[in-house]
């Protein structure tokens, strides 16, 4: 009787095992069946995965969804276009300064216009040098910060586009209205009276010296409406603050002090009228805020009857640069150059749990 009961028990267990085997589909069979049915491309598992699945059948294959579309594509070629746009307008500005310089009336015939700030504050000679030094420090800080940004290509083309557009506006304003020099201390270079070769030399001198007075390259007059120094001081601070962590308040404060002191020194040096500085600050901040509001809000990227910002002349250019950027850019940093390079990195050192089990099984057998 014991033998008969044991045989019945073994038969019962064998039938249960067969039933469970018939209802269970191994990962390898699932993949092959999927390929046969045409639901996907035929796939085969690696030896490690196959052996690991046989040894440990509780591991089942989970089909992972395809990688979602990158929300922040780098698109460096667009950044290159924005850089060319900014460079063109900067060169155009030097050409326009050279042209306008020939139209500036002599200070003996057209004295400086009345300015309330000049009435209350006397001129300080060294103040303009402080302004230019502050500007160079801010530019240096911004370039360094930009190099460590993870999405530097997107931020870079925003900076180049805004900077180029501001200098395009500056070309227009200084050409249509030529103001007399703000002070009798100005020593303007002599007029060339149609000497094209000498004008080209002046343009190259302005470009090589960055248009700065401390480099001795800015000896021309007429570029008063509006202040290019104020544009640089304001725009670099706005980008530094926007693309740095919010808890870096001390960093923001130092940059704000550099920017504010530089703008005040422009007026203290009597190098620009007060209206030049006010207009430069207003246009720079508004263009920066409008652009980033449109870039961060999906609804503002679409031209519609209710989106009045889409009626700006530069909206098609904005849409070209920002149409693939989904949402606000996170404040992330990364090394400018990865080390070690990708050619020295071995992907064979990375294993999944199942692959590791499969290799252990091979060694044991």
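Glycine residues also receive a Cβ, built from the backbone N, Cα and C atoms like all the rest.
Spatially close to residue 229 (active site) yet at least six residues away along the chain are 131, 132, 135, 262, 263, 266, 271, 272, judged by Cβ distances under 8 angstroms. Residues annotated as active site in Swiss-Prot: 229 (among others).
Around residue 272 (active site), a 10 Å sphere centred on its CB holds 27 further CB atoms from the protein chains shown. Per Swiss-Prot, the feature active site maps to 272 (among others).
What Swiss-Prot records for 276 (among others) is active site, and it gives similarity to another entry as the kind of evidence. Using a 10 Å radius centred on the Cβ of residue 276 (active site) and all shown protein chains, the other Cβ atoms total 25.
Summarising the annotation, Swiss-Prot assigns compositional bias 'Polar residues' to 14-28.
Under a cutoff of 8 A between CB atoms, and with a sequence separation of 6+ in the same chain, the neighbours of residue 331 (S-palmitoyl cysteine) are 243, 244, 245. When secondary structure is read from DSSP and collapsed to three states, residue 331 (S-palmitoyl cysteine) falls in the coil class. Summarising the annotation, Swiss-Prot assigns S-palmitoyl cysteine to 331 (among others).
For residue 332 (S-palmitoyl cysteine), other Cβ atoms within 10 Å of its Cβ number 11. Annotation comment: Swiss-Prot describes 332 (among others) as S-palmitoyl cysteine, evidence class similarity to another entry.
Among the features that Swiss-Prot reports, S-palmitoyl cysteine is placed at 343 (among others), with the record citing similarity to another entry.
What Swiss-Prot records for 348 (among others) is S-palmitoyl cysteine, and it gives similarity to another entry as the kind of evidence.
Look at Swiss-Prot and you will find 9-50 tagged as region 'Disordered'.
Taken from Swiss-Prot, the feature topological domain 'Cytoplasmic' covers 291-365, and the record attributes it to sequence analysis. Along the topological domain 'Cytoplasmic' (291-365), the predicted structure has mean pLDDT 75.
Annotation comment: Swiss-Prot describes 80-100 (among others) as transmembrane segment. Sequence-distant contacts of the transmembrane segment (80-100) (same chain, six or more residues past either end, CB-CB distance under 8 Å): 156-158, 160-161, 163-165, 167-168, 170-171, 174-175, 178, 199, 202-203, 206-207, 211, 220, 222-223, 228, 321.
Annotation source Swiss-Prot lists transmembrane segment at 128-148 (among others).
Taken from Swiss-Prot, the feature transmembrane segment covers 159-179 (among others). Beyond the ends of the transmembrane segment (159-179), by six or more residues, the same chain brings 79, 82-83, 85-90, 92-93, 96-97, 99-100, 103-105, 113, 146, 222-226, 228, 231, 235, 239, 273, 279, 283-284, 287-288, 291, 314, 317-318, 321 to within a C-beta distance below 8 angstroms of the stretch.
What Swiss-Prot records for 219-239 (among others) is transmembrane segment, and it gives sequence analysis as the kind of evidence. Tertiary proximity for the transmembrane segment (219-239) is limited to same-chain residues at least six positions away from its ends with a CB under 8 Å from its CB atoms, namely 93, 96-98, 100-101, 103-104, 131-132, 134-135, 138-139, 141-142, 146, 155, 159, 162-163, 166-167, 169-170, 173-174, 177-179, 181-182, 186-189, 202, 206, 211, 255-256, 258-259, 262-263, 266, 271-273, 275-277, 279-281, 283-285, 288.
Sequence-distant contacts of the transmembrane segment (248-268), counting only residues of its own chain at least 6 positions beyond either end whose CB sits under 8 Å from a CB of the stretch, comprise 117, 121, 123-124, 127-128, 130-132, 134-135, 137-138, 141, 227, 229-230, 233-234, 236-237, 240-241, 274, 277, 281. The transmembrane segment annotation in Swiss-Prot covers 248-268 (among others) and rests on sequence analysis.
Through the fold, the transmembrane segment (273-290) approaches residues 113, 115-118, 162, 165-166, 169, 173, 179, 182, 224-228, 230-231, 234-235, 238-239, 263, 266-267, 309, 312 of its own chain, all at least 6 residues removed from its boundaries and within a Cβ separation under 8 Å. Feature annotation from Swiss-Prot assigns transmembrane segment to 273-290 (among others).
Cα of residue 276 (active site) to Cα of residue 332 (S-palmitoyl cysteine): a distance of 36 Å. Secondary structure at residue 272 (active site), taken from DSSP and collapsed to helix, strand or coil, is coil.
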